[in-house]
């Protein structure tokens, strides 16, 4: 179980994509193509459950203060890049009934629907196959305004396609948020949302230490971000 520490700064960090291998063990292997649909299709052919960075049971307490501020159980929640996580199940268990789950890969849709059916005996949440960098092209999303958007390392995967892809995702979320809506994002990067072009005011609301194999290993954190939309122009 990870210990969660609140934090107001982004200092004192390293991230998985910048960690070098130990001396004598060779260079770090290349990163997978996390931004490619083909990668996720191949992965989800065999994977049925996986939690990126932190378990949903760790993420939910970080969301609690924001869930309590939502207008009611029918508040609109957008869950981007749900993959094979069970976060949407935990949100429904919490009592929310208007949850839209979006993923790039159709196999994730099958996994998500099956998981919900197994947990509740029915499927009431919405599942949409879509590119999170092009939300405006999805009528089911662009016609709605969401009170809460959540992602767990989806922006990290999209960042493999470059900063413009992350900005496109952020702009789509900005357009999709209700006036009082917020975006909560978990990332391994202390600099994921540093772009001055980002249409959000950004705050780190928690640092989550990663597990260490040895006591002498460096401290590595994951970051939970609160992104509040800047005024729409």
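In case you wondered, yes, glycine gets a Cβ from its N, Cα and C as well.
For 1-32, the entry in Swiss-Prot reads region 'Disordered'.
The compositional bias 'Low complexity' annotation in Swiss-Prot covers 9-21.
Under the heading S-adenosyl-L-methionine binding site, Swiss-Prot lists 40, 52, 81, citing similarity to another entry as support. Secondary structure at residue 81 (S-adenosyl-L-methionine binding site), taken from DSSP and collapsed to helix, strand or coil, is coil.
The annotation motif 'Required for methyltransferase activity' is assigned in Swiss-Prot to 140-146. Under DSSP, the residues of the motif 'Required for methyltransferase activity' (140-146) split into helix, strand and coil as follows: 3 helix, 1 strand, 3 coil.
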